[in-house]
Amino acid sequence: MIIEPRMRGFICLTAHPEGAAQNVKNQIEYVKSKGKIEGAKKVLVIGASTGFGLASRITSAFGSDASTIGVFFEKPPAEGKTASPGWYNSAAFETEAHKAALYAKSINGDAFSNEVKKETLDLIKADLGQVDLIIYSLASPVRTNPNTGVLHRSVLKPIGGAYSNKTVDFHTGKVSEISIEPSKEDDIENTVAVMGGEDWAMWIDALKAENLLAPGATTVAYSYIGPAVTEPVYRKGTIGRAKDHLEATAFSITDSLKDIGGKAYVSVNKALVTQASSAIPVIPLYISILYKIMKEEGVHEGTIEQIQRLYQDRLFTGKEVPTDEKGRIRIDDWEMREDIQEKVAALWEKATTENLSEIGDLEGYRKDFYNLFGFDIQGVDYKAEADEMIQVDSLK
Ligand code: NAD
Ligand code: NA
(Lines of atoms letter the chains of each structure in order from A and count residues from 1; the text may use other names and numbers.)
(Lines give C-alpha, C1' and ligand atoms only; values in the text may rest on other atoms or scores of the structure.)
(Ligands and ions follow the chains in the order given, each with its own letter.)
Protein backbone atom coordinates (compact mmCIF):
# COMPACT_ATOMS: atom_id res chain seq x y z
CA MET A 1 0.00 0.00 0.00
CA ILE A 2 1.00 3.65 -0.21
CA ILE A 3 2.03 4.71 3.28
CA GLU A 4 1.79 8.27 4.49
CA PRO A 5 2.46 9.74 7.94
CA ARG A 6 -0.70 9.87 10.07
CA MET A 7 -0.21 12.05 13.12
CA ARG A 8 -2.07 11.96 16.39
CA GLY A 9 -0.69 14.45 18.89
CA PHE A 10 2.96 13.68 19.50
CA ILE A 11 2.93 10.32 17.80
CA CYS A 12 2.80 9.08 14.27
CA LEU A 13 0.45 6.14 13.78
CA THR A 14 2.12 4.82 10.63
CA ALA A 15 5.65 3.81 9.73
CA HIS A 16 7.34 3.28 6.38
CA PRO A 17 9.21 -0.03 5.94
CA GLU A 18 11.51 1.16 3.18
CA GLY A 19 12.21 4.45 4.93
CA ALA A 20 13.05 2.55 8.10
CA ALA A 21 15.30 0.22 6.12
CA GLN A 22 17.09 3.16 4.49
CA ASN A 23 17.56 4.73 7.90
CA VAL A 24 19.17 1.54 9.21
CA LYS A 25 21.38 1.27 6.11
CA ASN A 26 22.53 4.87 6.55
CA GLN A 27 23.49 4.14 10.15
CA ILE A 28 25.37 1.00 9.09
CA GLU A 29 27.28 2.97 6.45
CA TYR A 30 28.21 5.59 9.01
CA VAL A 31 29.61 2.99 11.41
CA LYS A 32 31.54 1.27 8.62
CA SER A 33 32.99 4.60 7.48
CA LYS A 34 34.54 5.11 10.92
CA GLY A 35 36.54 1.86 10.86
CA LYS A 36 36.75 -1.18 13.11
CA ILE A 37 36.27 -1.01 16.86
CA GLU A 38 37.99 -3.60 19.06
CA GLY A 39 34.77 -4.13 20.97
CA ALA A 40 32.61 -6.87 22.44
CA LYS A 41 31.72 -9.82 20.21
CA LYS A 42 28.58 -11.18 21.86
CA VAL A 43 26.14 -8.45 22.66
CA LEU A 44 22.69 -8.28 24.20
CA VAL A 45 20.79 -5.03 23.58
CA ILE A 46 17.68 -4.47 25.66
CA GLY A 47 15.64 -1.78 23.89
CA ALA A 48 17.31 -2.51 20.54
CA SER A 49 14.74 -1.33 18.01
CA THR A 50 14.89 2.48 18.03
CA GLY A 51 16.92 5.41 19.30
CA PHE A 52 20.13 4.80 21.23
CA GLY A 53 19.52 1.05 21.54
CA LEU A 54 19.25 0.54 17.78
CA ALA A 55 22.39 2.64 17.28
CA SER A 56 24.15 0.44 19.86
CA ARG A 57 23.13 -2.75 18.10
CA ILE A 58 24.29 -1.37 14.75
CA THR A 59 27.61 -0.16 16.18
CA SER A 60 28.32 -3.53 17.81
CA ALA A 61 27.43 -5.50 14.70
CA PHE A 62 29.01 -3.35 12.02
CA GLY A 63 31.82 -1.81 14.09
CA SER A 64 33.00 -4.97 15.85
CA ASP A 65 31.41 -7.82 13.86
CA ALA A 66 29.46 -8.76 16.98
CA SER A 67 26.72 -11.32 17.25
CA THR A 68 23.69 -9.49 18.63
CA ILE A 69 20.48 -10.42 20.36
CA GLY A 70 17.98 -7.57 20.45
CA VAL A 71 15.05 -7.32 22.84
CA PHE A 72 12.26 -4.81 22.23
CA PHE A 73 8.52 -4.27 22.36
CA GLU A 74 7.15 -3.45 18.93
CA LYS A 75 3.98 -3.97 16.94
CA PRO A 76 4.23 -6.33 13.96
CA PRO A 77 2.40 -5.42 10.75
CA ALA A 78 -1.14 -6.58 10.04
CA GLU A 79 -2.92 -6.62 6.70
CA GLY A 80 -3.48 -2.96 5.77
CA LYS A 81 -1.79 -1.70 8.96
CA THR A 82 1.85 -0.81 9.27
CA ALA A 83 4.11 -2.17 11.98
CA SER A 84 5.63 0.19 14.52
CA PRO A 85 8.89 1.78 13.32
CA GLY A 86 11.06 -0.31 15.63
CA TRP A 87 9.68 -3.47 14.08
CA TYR A 88 10.66 -2.34 10.58
CA ASN A 89 14.03 -1.12 11.87
CA SER A 90 14.70 -4.52 13.39
CA ALA A 91 13.58 -6.40 10.29
CA ALA A 92 15.96 -4.26 8.24
CA PHE A 93 18.76 -4.68 10.76
CA GLU A 94 18.45 -8.47 10.71
CA THR A 95 18.37 -8.53 6.93
CA GLU A 96 21.56 -6.45 6.70
CA ALA A 97 23.30 -8.38 9.49
CA HIS A 98 22.54 -11.71 7.83
CA LYS A 99 23.79 -10.39 4.49
CA ALA A 100 27.06 -9.59 6.27
CA ALA A 101 27.09 -13.13 7.79
CA LEU A 102 26.56 -11.75 11.29
CA TYR A 103 24.47 -13.57 13.88
CA ALA A 104 21.37 -11.53 14.76
CA LYS A 105 18.20 -12.65 16.49
CA SER A 106 15.47 -10.67 18.17
CA ILE A 107 12.92 -11.17 20.90
CA ASN A 108 9.79 -9.05 20.68
CA GLY A 109 8.03 -8.82 24.04
CA ASP A 110 7.94 -7.14 27.44
CA ALA A 111 11.52 -6.93 28.68
CA PHE A 112 10.26 -6.27 32.21
CA SER A 113 8.62 -9.70 32.38
CA ASN A 114 10.13 -12.94 33.68
CA GLU A 115 9.02 -14.72 30.49
CA VAL A 116 11.01 -12.52 28.12
CA LYS A 117 14.03 -12.67 30.40
CA LYS A 118 13.84 -16.47 30.42
CA GLU A 119 13.40 -16.61 26.64
CA THR A 120 16.45 -14.39 26.22
CA LEU A 121 18.58 -16.43 28.62
CA ASP A 122 17.61 -19.62 26.81
CA LEU A 123 18.56 -18.10 23.46
CA ILE A 124 21.95 -16.94 24.78
CA LYS A 125 22.56 -20.40 26.25
CA ALA A 126 21.67 -22.14 23.01
CA ASP A 127 23.37 -19.82 20.53
CA LEU A 128 26.07 -17.68 22.13
CA GLY A 129 27.05 -19.42 25.37
CA GLN A 130 27.75 -16.11 27.10
CA VAL A 131 27.55 -12.37 26.39
CA ASP A 132 30.30 -9.81 27.01
CA LEU A 133 28.32 -6.58 26.57
CA ILE A 134 24.79 -5.78 27.69
CA ILE A 135 23.30 -2.46 26.60
CA TYR A 136 20.26 -1.39 28.59
CA SER A 137 18.29 1.20 26.59
CA LEU A 138 14.63 0.91 27.53
CA ALA A 139 12.35 3.92 27.48
CA SER A 140 8.84 3.05 28.57
CA PRO A 141 5.90 4.84 30.18
CA VAL A 142 4.83 1.73 32.12
CA ARG A 143 6.27 -1.33 33.84
CA THR A 144 4.62 -4.26 35.52
CA ASN A 145 6.90 -5.48 38.29
CA PRO A 146 7.05 -9.24 37.67
CA ASN A 147 7.45 -10.04 41.36
CA THR A 148 4.55 -7.98 42.70
CA GLY A 149 2.32 -7.81 39.62
CA VAL A 150 1.94 -4.05 40.24
CA LEU A 151 1.66 -1.84 37.15
CA HIS A 152 3.72 1.35 37.57
CA ARG A 153 3.27 4.45 35.42
CA SER A 154 6.06 6.96 35.03
CA VAL A 155 5.24 10.66 34.91
CA LEU A 156 7.20 13.73 33.83
CA LYS A 157 6.51 16.21 36.58
CA PRO A 158 8.42 18.71 38.67
CA ILE A 159 8.85 17.93 42.36
CA GLY A 160 7.76 20.31 45.10
CA GLY A 161 6.09 23.02 43.07
CA ALA A 162 4.51 23.79 39.70
CA TYR A 163 6.86 24.68 36.87
CA SER A 164 6.13 27.15 34.11
CA ASN A 165 8.19 27.77 31.04
CA LYS A 166 8.08 27.98 27.29
CA THR A 167 7.41 25.05 25.06
CA VAL A 168 6.82 24.53 21.36
CA ASP A 169 4.36 22.48 19.41
CA PHE A 170 6.89 21.36 16.82
CA HIS A 171 4.20 20.56 14.26
CA THR A 172 2.81 24.10 14.16
CA GLY A 173 5.86 25.98 15.48
CA LYS A 174 3.71 27.70 18.07
CA VAL A 175 5.64 28.73 21.17
CA SER A 176 3.53 28.97 24.29
CA GLU A 177 3.76 29.07 28.03
CA ILE A 178 2.97 25.84 29.85
CA SER A 179 2.57 25.08 33.48
CA ILE A 180 3.10 21.60 34.87
CA GLU A 181 1.62 20.63 38.20
CA PRO A 182 3.97 19.10 40.76
CA SER A 183 4.14 15.37 41.37
CA LYS A 184 1.81 13.69 43.85
CA GLU A 185 2.61 11.10 46.54
CA ASP A 186 3.34 7.99 44.50
CA ASP A 187 4.59 9.66 41.33
CA ILE A 188 8.27 9.59 42.25
CA GLU A 189 8.14 5.99 43.42
CA ASN A 190 6.29 4.89 40.28
CA THR A 191 8.62 6.74 37.92
CA VAL A 192 11.65 5.23 39.65
CA ALA A 193 10.02 1.79 39.37
CA VAL A 194 9.68 2.21 35.59
CA MET A 195 12.79 4.15 34.56
CA GLY A 196 15.16 3.51 37.48
CA GLY A 197 17.68 0.69 37.72
CA GLU A 198 15.67 -2.12 39.29
CA ASP A 199 14.95 -3.95 36.05
CA TRP A 200 18.52 -3.44 34.79
CA ALA A 201 19.81 -5.14 37.96
CA MET A 202 17.25 -7.94 37.52
CA TRP A 203 18.56 -8.62 34.02
CA ILE A 204 22.17 -8.72 35.14
CA ASP A 205 21.35 -10.89 38.18
CA ALA A 206 19.44 -13.33 35.98
CA LEU A 207 22.27 -13.53 33.43
CA LYS A 208 24.85 -14.02 36.16
CA ALA A 209 22.84 -16.66 38.00
CA GLU A 210 22.88 -18.79 34.82
CA ASN A 211 26.59 -18.15 34.18
CA LEU A 212 25.81 -16.28 30.95
CA LEU A 213 28.16 -13.36 31.59
CA ALA A 214 31.64 -13.71 30.12
CA PRO A 215 34.62 -12.80 32.32
CA GLY A 216 35.04 -9.01 32.27
CA ALA A 217 31.53 -8.46 30.90
CA THR A 218 30.44 -4.84 30.65
CA THR A 219 26.95 -3.40 30.90
CA VAL A 220 25.92 0.14 29.96
CA ALA A 221 22.66 2.04 30.57
CA TYR A 222 21.82 5.49 29.23
CA SER A 223 21.05 8.64 31.16
CA TYR A 224 20.52 12.35 30.59
CA ILE A 225 21.33 15.53 32.49
CA GLY A 226 20.64 18.60 30.35
CA PRO A 227 20.58 22.34 30.97
CA ALA A 228 19.22 24.53 33.76
CA VAL A 229 16.04 25.44 31.84
CA THR A 230 14.78 21.86 31.74
CA GLU A 231 16.00 20.93 35.22
CA PRO A 232 12.68 21.30 37.09
CA VAL A 233 10.87 18.99 34.66
CA TYR A 234 13.79 16.70 33.87
CA ARG A 235 16.81 16.20 36.08
CA LYS A 236 15.22 17.56 39.26
CA GLY A 237 11.80 16.17 38.39
CA THR A 238 10.36 12.67 38.73
CA ILE A 239 12.34 11.32 35.76
CA GLY A 240 15.54 12.73 37.28
CA ARG A 241 14.90 10.67 40.41
CA ALA A 242 14.68 7.60 38.20
CA LYS A 243 17.98 8.56 36.52
CA ASP A 244 19.58 9.06 39.95
CA HIS A 245 18.44 5.55 40.81
CA LEU A 246 19.74 4.17 37.50
CA GLU A 247 23.12 5.81 38.08
CA ALA A 248 23.33 4.46 41.64
CA THR A 249 22.43 1.00 40.33
CA ALA A 250 25.57 1.00 38.16
CA PHE A 251 27.63 0.89 41.36
CA SER A 252 25.66 -1.96 42.91
CA ILE A 253 25.84 -3.96 39.68
CA THR A 254 29.61 -3.40 39.49
CA ASP A 255 29.87 -4.71 43.07
CA SER A 256 27.86 -7.79 42.13
CA LEU A 257 30.19 -8.46 39.17
CA LYS A 258 33.48 -8.27 41.15
CA ASP A 259 34.12 -12.02 40.97
CA ILE A 260 33.96 -12.06 37.18
CA GLY A 261 35.76 -8.71 36.78
CA GLY A 262 32.67 -7.16 35.23
CA LYS A 263 31.63 -3.52 35.25
CA ALA A 264 28.46 -1.44 34.90
CA TYR A 265 28.47 2.07 33.48
CA VAL A 266 25.98 4.78 32.88
CA SER A 267 26.61 6.90 29.80
CA VAL A 268 25.10 10.37 29.78
CA ASN A 269 23.96 11.02 26.25
CA LYS A 270 22.98 14.10 24.29
CA ALA A 271 19.40 15.35 23.90
CA LEU A 272 17.98 13.97 20.67
CA VAL A 273 14.65 13.63 18.97
CA THR A 274 13.27 10.19 19.78
CA GLN A 275 9.77 8.96 20.41
CA ALA A 276 10.48 9.21 24.13
CA SER A 277 11.87 12.76 24.16
CA SER A 278 9.27 14.35 21.88
CA ALA A 279 6.60 13.65 24.49
CA ILE A 280 8.38 15.65 27.21
CA PRO A 281 7.18 19.26 27.48
CA VAL A 282 9.81 22.03 27.15
CA ILE A 283 12.43 19.59 25.76
CA PRO A 284 11.44 20.00 22.06
CA LEU A 285 12.00 23.77 22.26
CA TYR A 286 15.35 23.22 23.93
CA ILE A 287 16.33 20.61 21.32
CA SER A 288 15.36 22.83 18.40
CA ILE A 289 17.56 25.66 19.70
CA LEU A 290 20.35 23.26 20.67
CA TYR A 291 20.36 21.69 17.19
CA LYS A 292 20.71 25.11 15.59
CA ILE A 293 23.74 26.01 17.71
CA MET A 294 25.43 22.60 17.54
CA LYS A 295 25.03 22.50 13.76
CA GLU A 296 26.49 26.01 13.47
CA GLU A 297 29.44 24.94 15.62
CA GLY A 298 29.90 21.74 13.61
CA VAL A 299 29.40 19.45 16.62
CA HIS A 300 25.87 18.17 16.02
CA GLU A 301 25.42 14.39 16.37
CA GLY A 302 22.53 11.97 15.97
CA THR A 303 22.10 8.69 17.86
CA ILE A 304 24.50 6.77 15.63
CA GLU A 305 27.28 9.39 15.87
CA GLN A 306 26.82 9.45 19.64
CA ILE A 307 27.02 5.71 20.11
CA GLN A 308 29.84 5.20 17.60
CA ARG A 309 31.84 7.78 19.60
CA LEU A 310 30.85 6.13 22.88
CA TYR A 311 32.31 2.84 21.67
CA GLN A 312 35.37 4.15 19.84
CA ASP A 313 36.47 6.96 22.18
CA ARG A 314 35.22 5.78 25.57
CA LEU A 315 34.42 2.08 25.98
CA PHE A 316 36.85 0.28 23.68
CA THR A 317 40.06 2.29 23.57
CA GLY A 318 42.12 -0.37 25.36
CA LYS A 319 42.63 2.15 28.16
CA GLU A 320 40.63 2.93 31.26
CA VAL A 321 37.13 4.24 30.51
CA PRO A 322 37.07 7.99 31.27
CA THR A 323 34.27 9.05 33.63
CA ASP A 324 33.17 12.16 35.50
CA GLU A 325 33.35 12.67 39.29
CA LYS A 326 30.19 10.56 39.63
CA GLY A 327 31.57 7.67 37.63
CA ARG A 328 29.50 8.44 34.53
CA ILE A 329 30.67 8.34 30.93
CA ARG A 330 29.94 11.70 29.30
CA ILE A 331 29.09 11.83 25.61
CA ASP A 332 26.92 14.86 26.27
CA ASP A 333 30.21 16.76 26.50
CA TRP A 334 29.60 18.78 23.34
CA GLU A 335 25.99 19.58 24.25
CA MET A 336 27.13 20.77 27.67
CA ARG A 337 30.08 22.85 26.41
CA GLU A 338 29.94 26.23 28.12
CA ASP A 339 29.90 28.29 24.94
CA ILE A 340 27.07 26.18 23.50
CA GLN A 341 24.97 26.37 26.64
CA GLU A 342 25.48 30.16 26.86
CA LYS A 343 24.23 30.62 23.32
CA VAL A 344 21.26 28.31 23.88
CA ALA A 345 20.31 30.16 27.07
CA ALA A 346 20.41 33.53 25.30
CA LEU A 347 18.22 32.29 22.42
CA TRP A 348 15.85 30.60 24.84
CA GLU A 349 15.03 34.00 26.36
CA LYS A 350 14.20 35.43 22.93
CA ALA A 351 12.29 32.51 21.41
CA THR A 352 8.80 33.28 20.13
CA THR A 353 6.46 31.75 17.58
CA GLU A 354 7.54 34.49 15.14
CA ASN A 355 11.31 33.99 15.37
CA LEU A 356 11.73 30.30 16.21
CA SER A 357 12.09 29.11 12.64
CA GLU A 358 15.09 31.47 12.44
CA ILE A 359 16.76 31.16 15.83
CA GLY A 360 15.89 27.48 16.27
CA ASP A 361 16.16 24.45 14.01
CA LEU A 362 12.49 23.54 13.82
CA GLU A 363 13.01 22.07 10.36
CA GLY A 364 15.75 19.79 11.70
CA TYR A 365 13.55 18.78 14.60
CA ARG A 366 10.64 17.90 12.34
CA LYS A 367 12.86 16.03 9.92
CA ASP A 368 14.34 13.94 12.71
CA PHE A 369 10.85 13.28 14.03
CA TYR A 370 9.55 12.10 10.65
CA ASN A 371 12.73 10.08 10.14
CA LEU A 372 11.94 8.10 13.31
CA PHE A 373 8.94 6.69 11.46
CA GLY A 374 10.76 6.14 8.19
CA PHE A 375 9.42 9.29 6.50
CA ASP A 376 11.23 12.17 4.79
CA ILE A 377 14.28 10.03 4.06
CA GLN A 378 16.32 10.76 0.99
CA GLY A 379 16.17 8.12 -1.75
CA VAL A 380 12.83 6.61 -0.74
CA ASP A 381 9.95 6.77 -3.20
CA TYR A 382 6.96 7.51 -0.99
CA LYS A 383 4.55 7.54 -3.92
CA ALA A 384 5.29 3.88 -4.66
CA GLU A 385 3.50 0.90 -3.17
CA ALA A 386 5.33 -0.39 -0.10
CA ASP A 387 5.10 -3.88 1.37
CA GLU A 388 3.84 -3.26 4.88
CA MET A 389 3.75 -7.02 5.54
CA ILE A 390 7.47 -7.54 4.99
CA GLN A 391 8.58 -10.64 6.94
CA VAL A 392 11.82 -11.71 8.59
CA ASP A 393 12.52 -15.23 9.84
CA SER A 394 13.16 -14.69 13.51
CA LEU A 395 10.86 -11.68 13.83
CA LYS A 396 7.24 -12.60 13.94
P1 NAD B 1 13.34 4.98 22.30
O2 NAD B 1 11.91 5.23 22.61
O3 NAD B 1 13.85 5.33 20.96
O4 NAD B 1 13.73 3.44 22.55
C5 NAD B 1 13.11 2.68 23.55
C6 NAD B 1 13.36 1.20 23.32
O7 NAD B 1 12.80 0.48 24.41
C8 NAD B 1 12.71 0.63 22.06
O9 NAD B 1 13.57 -0.36 21.50
C10 NAD B 1 11.45 -0.05 22.60
O11 NAD B 1 10.96 -1.13 21.81
C12 NAD B 1 11.98 -0.56 23.91
N13 NAD B 1 10.94 -0.85 24.90
C14 NAD B 1 10.08 0.01 25.51
N15 NAD B 1 9.30 -0.66 26.39
C16 NAD B 1 9.69 -1.96 26.35
C17 NAD B 1 9.29 -3.15 27.02
N18 NAD B 1 8.35 -3.14 27.95
N19 NAD B 1 9.92 -4.31 26.69
C20 NAD B 1 10.89 -4.35 25.74
N21 NAD B 1 11.32 -3.27 25.10
C22 NAD B 1 10.73 -2.08 25.40
O23 NAD B 1 14.15 5.75 23.44
P24 NAD B 1 15.60 6.39 23.53
O25 NAD B 1 15.44 7.87 23.47
O26 NAD B 1 16.58 5.71 22.65
O27 NAD B 1 15.93 6.06 25.04
C28 NAD B 1 16.77 5.01 25.47
C29 NAD B 1 17.48 5.44 26.73
O30 NAD B 1 18.30 6.58 26.44
C31 NAD B 1 16.54 5.88 27.86
O32 NAD B 1 17.07 5.46 29.10
C33 NAD B 1 16.59 7.38 27.75
O34 NAD B 1 16.27 8.04 28.98
C35 NAD B 1 18.04 7.59 27.40
N36 NAD B 1 18.37 8.91 26.83
C37 NAD B 1 17.60 9.49 25.88
C38 NAD B 1 17.93 10.76 25.41
C39 NAD B 1 17.11 11.46 24.35
O40 NAD B 1 17.25 12.67 24.17
N41 NAD B 1 16.29 10.76 23.60
C42 NAD B 1 19.09 11.41 25.89
C43 NAD B 1 19.87 10.77 26.83
C44 NAD B 1 19.50 9.52 27.31
NA1 NA C 1 16.66 2.69 22.52
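Note that Cβ sites are derived from N, Cα and C of the backbone, with glycine treated the same way.
Features reported for this protein in TrEMBL:
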DOMAIN    2-78  domain 'Trans-2-enoyl-CoA reductase-like NAD(P)H binding'
BINDING   47-52, 73-74, 110-111, 138-139, Lys243, 272-274  NAD(+) binding site
SITE      Glu74  site 'Plays an important role in discriminating NADH against NADPH'
DOMAIN    81-316  domain 'Trans-2-enoyl-CoA reductase catalytic'
BINDING   Tyr224  substrate binding site
ACT_SITE  Tyr234  active site, proton donor
DOMAIN    323-385  domain 'Enoyl reductase FAD binding'
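When Cα-Cα distances from Lys243 (NAD(+) binding site) are compared across the recorded positions Glu74, Tyr224, Tyr234, the shortest belongs to Tyr224.
Around Leu138 (NAD(+) binding site), the C-beta neighbours below 8 angstroms that are at least 6 residues distant in the chain are Ile46, Gly47, Gly53, Ala111, Asp199. Helix, strand and coil counts from DSSP across the domain 'Enoyl reductase FAD binding' (323-385) read 28 helix, 2 strand, 33 coil. Among the recorded positions listed (Asp110, Tyr234, Lys243), Asp110 have a CB atom closer than 6 Å to some atom of ligand 1, in sequence order. Other Cβ atoms within 10 Å of the Cβ of the residue listed as 'active site, proton donor', summed over all protein chains shown, number 25.
Cα to Cα, the residue listed as 'substrate binding site' and Tyr234 (active site, proton donor) are separated by 9 Å. In this structure the C-alpha atoms belonging to Glu74 (site 'Plays an important role in discriminating NADH against NADPH') and Ser49 (NAD(+) binding site) are separated by 8 Å. Cα spacing between the residue listed as 'active site, proton donor' and Val273 (NAD(+) binding site): 15 Å, rounded to the nearest whole number. Around Gly51 (NAD(+) binding site), the same-chain residues six or more apart in sequence whose CB sits under 8 Å from its CB are Ser137, Ala139, Leu272, Thr274, Gln275, Ala276, Thr303, listed in sequence order.
The binding-site residues near ligand 2, defined by a Cβ under 6 Å from one of its atoms, are Gly47, Gly51, chosen from Gly47, Gly51, Asp110, Val273. Here the domain 'Trans-2-enoyl-CoA reductase-like NAD(P)H binding' (2-78) is broken down by DSSP into helix, strand and coil counts: 31 helix, 16 strand, 30 coil.
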